[in-house]
Amino acid sequence: MKFMAENRLTLTKGTAKDIIERFYTRHGIETLEGFDGMFVTQTLEQEDFDEVKILTVWKSKQAFTDWLKSDVFKAAHKHVRSKNEDESSPIINNKVITYDIGYSYMK
């Protein structure tokens, strides 16, 4: 069964565009076995903060778990972690939610 992981970022108002632009350059996730795709979305009409969701689609939950343990993951997130600890980080909060994909259709 296919698997999806959502990383929901709550951001300082006005910073979503900069966060989304970071994804324009791939950092190796696309090379991993089991990776099927990614969507980076911005929730519309948030008044007090910005919200960005990073949705990754995998062939299986195991493929996602393998990515979390990979050097590719560590390299792509090493600067994110240090910025989160910095008070100037635009990231207020994040939450990871996972899903089994029961059905999908894309044209």
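Keep in mind that glycine also has a Cβ here, set from the backbone N, Cα and C atoms.
Note that the structure is predicted; figures quoted are calculated from it, not measured.
Annotated in Swiss-Prot:
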BINDING   ASN7  Fe cation binding site
BINDING   ARG22, PHE23, TYR24, THR25, ARG26, HIS27, GLY28, ILE29, HIS77  heme binding site
DOMAIN    3-92  domain 'ABM'
SITE      TRP67  site 'Transition state stabilizer'
Discussion item. Most Cβ neighbours within 10 Å: which of the recorded positions TYR24, TRP67 is it?
Written reply: TRP67
Fill in: Spatial separation of the residue listed as 'Fe cation binding site' from ARG22 (heme binding site) - C-alpha basis, Å
15
Worksheet item: Which of ARG22, ARG26, HIS77 has the fewest nearby Cβ atoms, counting only those within 10 Å, among these binding-site residues?
Response: ARG26
Response to the item:
Record-listed heme binders ARG22, PHE23, TYR24, THR25, ARG26, HIS27, GLY28, ILE29, HIS77 have a maximum CA to CA distance, in Å, of 15
Discussion item. Based on DSSP, tally up the residues of the domain 'ABM' (3-92) by helix, strand and coil.
Written reply: 34 helix, 28 strand, 28 coil
Discussion item. Return the residues near ASN7 (Fe cation binding site) by Cβ distance under 8 Å, restricted to its own chain and a separation of at least 6 in sequence.
Written reply: LYS53, ILE54, ASN94, LYS95, VAL96
Response to the item:
Counting across all protein chains, other CB atoms within 10 angstroms of the CB of GLY28 (heme binding site) number 14
Worksheet item: Quick one: Cα separation, GLY28 (heme binding site) versus TRP67 (site 'Transition state stabilizer'), in Å?
Response: 10
Worksheet item: At the level of the C-alpha atoms, what whole-angstrom distance separates HIS77 (heme binding site) and TRP67 (site 'Transition state stabilizer')?
Response: 12
Response to the item:
Spacing of the two Cα atoms, TYR24 (heme binding site) and TRP67 (site 'Transition state stabilizer'), in whole angstrom, works out to 19
Worksheet entry | Distance, TRP67 (site 'Transition state stabilizer') to ARG26 (heme binding site) (CA atoms, angstrom) | 14
